[in-house]
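Presented below is the structure to which this report refers.
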Amino acid sequence: MDKILSLSEGGDGPGELQQYLSSLSNDQLIKVLTNAALKGKNIGATIKGIFKGSPHNDPKGSGRRLLLYQHFIPLCESGDLQSEVAADIIGLLMLEVKAPNLSGACLAEVASHFVEAIKSGKMASGKSLELFPSVLTALAACESLSFGKGELSGEEYKKQLINSLCSSRDVPLSPEELQFLLEKVLRMFGKLELQEVPPLIYQLLLLSAKGCKKQVLDGIIGYFNEQDLQQKDEQERGESMELEVQAIPKDQLRHVEGTAILHIVFAIRLDHDLGREFLKSLKVFELLKGAITKSFRDEFLKQGSKMLKDLFPECCSVAQMIRDTVSNSVFGWDHVTQGLVQLGFFLMDTFGPKPGPFGKPAESGPSGAARTPNQQACLLGRQVLLEGFKMHEPIRGEILEQVLNRLVTKTASPVHHYIDLFSDIVVSAPMILLESASKVTETFDNLSYLPLATVQGLLKAVQPLLKVSMSLKDSLILVLRKAMFSSQLDGRKSAVTGFLLLLKNFKVLGSLASSQASQGISSSQIQVDVHSRYNSAANEAFCLEILSGLRRCLGQQADVRLMLYEGFYDVLRRNSQLASSIMQTLLSQLRRYYEPEQDLMPPVKLEPCITAQGDQVFLQEPLGHLLSCTVHSLLWLQSQRPLARPNDSDDEEAEDDEEGGYKSELMAILDSVTRRLVKSELEDFELDKSAEFSTASSVGVKNSIYAVLVMGVYEVLLEYNFIKANYSKSGLEELLELFQRYQKLAEILKEKSGKGRTSAKPPRSLLSMGFVSKLLTTLFRDSTLSREEGLSVLRSSPDFLRYALAVALQKIQQLEDSGHTDGPDGHAPDKAFGFLCDLTGVLMWRYTNIPGAVEAGGKKEKRCSLSQMCLEGLLRIFTTCTQRYPDRTAQLLSTMTTADATSDDPEPNADDITEISFFYIRQFQRSLFNQLSGLEEEFNSKEAQLLISILSVLSRQLEPSSQQFVSMITWTVKICKETSFEDIAFTKGLLSLLFGLHALYKSPVSLMLELCQDIHSQMGDIDQVRCVLSLPIKRFHHKPFIVLLILAQADKVLDEVDWLIAKKKADRPSEGPLTAPPQDPVEKAMTVQLGTLLTALNELVQTALLPGGGTDTLLRALSRTYTTLTTLVKYYIQVCTSQPGALPTRFEKLVRLSGSHLTPQCYSFITFVQTGELAGNDKKKKRRDEASMVTAKLLRETKAIPNLIFSIEQYEKFLITLSKKSKVNLMQYMKLSTSRDFRINAATLEAALQEQDSQEASQEAEDTPPQPQKKKRKKK
């Protein structure tokens, strides 16, 4: 050592020192270094001298440098050196790590030495580990290193070392050491580059075999959650600050997440315990199902409560997370896609529509907006499957197969949600779907066995594919031909549906343009013209062949014929070149029932329209629908021919000659039928007042069928003759005569069929909705002078106006119920919405310009006025629009902007739904105010109720935070205060509107308190002590139903409080003290809500309510209130368990309020109910049956009393527990009750018996002849 020191300090230079060191062997050098280190004498100078005499560019020098590291690292860990000496040695070694002092190969050797020492457990003291990061840093700076048979960069070699180091599963570790190691590694996640994370995750998953599986999974999931939040925050800041650089690229993060998912999946396959631990923390579909439904239900509850919105303005959306997962799965998340498919079908199966009553499939109308939590969950499943189908090729076949399987197998349940999914797949990816056309073909084979609604939806969904796939079309045609001869009626109806669909979509060249035919079928991905492959002659032959097959259906049951008549019109519009064949078919069918002899009455034959099987009579030919199809087809052809060839007169004349065979004959038949029907009497049809219409006899059934057929013929001819008359006076006079015949028959049918029933539903009108819209617009708003004389004929008939409005109401109701109407354009949503807009404008104009008070005979007749019918129509239109067209409400309301030309209000912005809704709310408010401003004798209750209902519907379109909404509440409160009319239905509607508005603006508990105070003041105390208050809301004299309304609102308030308590429990940490702020807004809201509710109920329990349902409902409401209080007490027991002394002062005040005010009054109310009911029962015991009814009622109501007492005692029981936990005496506010002390009060019993004897004696005196002496004796 001395020689090394002397040469290092003096000598002739490094050369002599280098020669000396080269002369020493490794063992000699190690011995020198070990002795110097153990003695702690000049070891630093010795190490410096060796480094000085060992050039890094000399192989021997480089070897000696490596030898120093390999020797001193285990020596420092041995514990034989003094701490100061070991620290100095490590410090000197650390200085020489930097390049080029240590070559890349030497750095790799040193790093490997560290890894082996760590794995073998030789790092006892860990003193040398300070050197390891410096080695890794220097290693990462190297450009290339030899590794195996190839080369790696220093950075890549460092990753290999880290992976090898992290694979510490072979190192024996205690549970504490393992947990410490995992915590340290998981903390290092945030310091690593994103690409370095997956290898580390892989090693951690292998290490989890030793234990701490949950910790590993939670750490991995927590890291990626943190990265997602950070990426989301950066994205939001980038959008607001217009930043273009992101610290975490989204694509890179998603790919890393996909790799992590891959590692987890493989680790679970190898370690089932890890999989079970994963399932414990994530119970897959059941957990997701609960989370999804809870998320939707919470959002649904928040939408109806301003208080909940304020407390929880933004909540984490589970549905949005699932949608994000679907979107992110495109970044290599292959192991997630299968689970997404299962989740999607699980949601659709679980939350889809359920079967109707008696197991029948419910009617599958057009899909409206998803409103309920179940509908939203089902829609989420549909979105997951649709996006998965578009993004991932491997799962497309499975999704399609499962969808089609459900269409075939779920015949007893509604499947229109699966049809909607299939339709979405076809529209979004038709060419992709053609790759699985064989699966669709297999489904076609089952068409004749499926419900008709399923067949219609499936064929409508698949129609875009039929345009681009000849093989698919041929397969469908083959199946439909077989179904045409099916023994099942539904099978034949399915065949008709399919063939009509083909006729609509395979146009013959020369037909009118699709825009003229209102063809609404399109797909952005379908760019194929079927005529480019198949010539016109082939298409025409194909369509004529189908028509020939359909003609045979005209000899089948009425349902099959009806489908044909409803479909021929749409076929004609979309494939006008088939007009001649279709019209000839209709004409041939019509001739069977037309009486050609002009002198014979009636002009139609009704006998062939029915068929009999034994004593039963059935409809065979829907004559009205046949005539309707013929008329509408003829009118449409007449309206379109000028558009087809506006300038080619020669071709037009030739075409007219060609059509003359059916056109002129049809017009002659229609004119003849009209003329003779006007002259015909009901006796000609044997349908006069003497006819029988009972459904119990075959004659009555036959006459009822005849009456409906004749009324349908009348209605079709009304529509035809109105258009033909072209507003001429003579033509409209003839139409009015026709209507009078119709009305007479309708009244007879209503009178006869209505006997023995509460109401007889009128048959469905055959007038088209488009015609009704046009007719009402013409009758009410057409001011053209040339038409005035003719229209005055119809306007002068109140019955005709009423009939037109009644049909409009029927059509609107049908559209609301089923999503479509009968007749032309009834199944076209856009057309139907256009008709609604037209009707809205004309009905609004009629109502606002001609008040019901000025209508002749409006008050004398029991039936409603025309203005009231217009108002009812507006209500149905608004309701239909919000349900069927929720996104087009503003467009509907904008059609009424010119309805009230005299309005002083400026026209609203048509794009602002709040502004335009409030514009019309003000008009309806004025109408209601006018109703309430008149005398009570002139008050129209029905009209006022309709106005309240309209205001309720329109107010839902207002933004709750807008000034218009505040104005709406202010006006409603003002009306409630000033209204004095004693009308139960109107008052109920008005209060319901007020409660609904308050819930969206602020909590309704304050309003409930005011009403309860008002009721208490007017009905008096249970001890008959009355008081007079300054009433905030006056003159609601019908208290019982108001009490029921208030208690219904109390249930909603308790629902919200229960939800808040559950929310607080869920948000509490499972372990550790509670760290909530002392002024927690949620706890404050719960306490305030319950406190105000207790005060309101305190008013009611002191009120002398009449015996009946109100008292029973109040008892149940009180019981539930105490149950909610008990739940709140249990929550604070948990709080005080983890954080003693954390009981808020507000809660103590609530307990004091319940104990000192409400509970004693509850016991008094129980006594009042029992004594009042028993006293009332004694008066009712006149007959045994009445006594039985009263006894049953008592048993029912007394059941609520024990439930209430039990709830109170449970509340007090847990209060005792809370008092012990919180060290606060909460029971000081409770008073013991005697309601459960069933001792007999002798004085009360004697008084009751004497009163009973007196009543029995009085009853006997009433039943015997008057005898003054006996009566006097009884009085003694």
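From the backbone N, Cα and C atoms, a Cβ is placed for every residue, glycine too.
Look at TrEMBL and you will find 1-53 tagged as domain 'FANCI solenoid 1 cap'.
Residues annotated as domain 'FANCI solenoid 1' in TrEMBL: 64-268.
The domain 'FANCI helical' annotation in TrEMBL covers 283-328 (among others).
Per TrEMBL, domain 'FANCI solenoid 2' is recorded for 336-500.
TrEMBL lists 514-750 (among others) with the feature domain 'FANCI helical'. Here the domain 'FANCI helical' (514-750) has a mean pLDDT of 80 out of 100.
Annotation source TrEMBL lists domain 'FANCI solenoid 3' at 766-994.
Annotation comment: TrEMBL describes 1009-1246 as domain 'FANCI solenoid 4'.
Annotated compositional bias 'Low complexity' per TrEMBL: 1249-1258, in sequence order.
Under the heading region 'Disordered', TrEMBL lists 1249-1276.
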Among 1-53, 336-500, 514-750, stretch most in contact with the domain 'FANCI solenoid 3' (766-994) (C-beta, under 8 angstroms): 514-750
Most Cβ pairs under 8 Å with the domain 'FANCI solenoid 2' (336-500), selected from 1-53, 283-328, 514-750: 514-750
Residue counts (helix, strand, coil, in that order) that DSSP gives for the domain 'FANCI solenoid 1 cap' (1-53): 42 helix, 0 strand, 11 coil
Secondary structure content, the domain 'FANCI helical' (283-328) (per DSSP, counts of residues): 37 helix, 0 strand, 9 coil
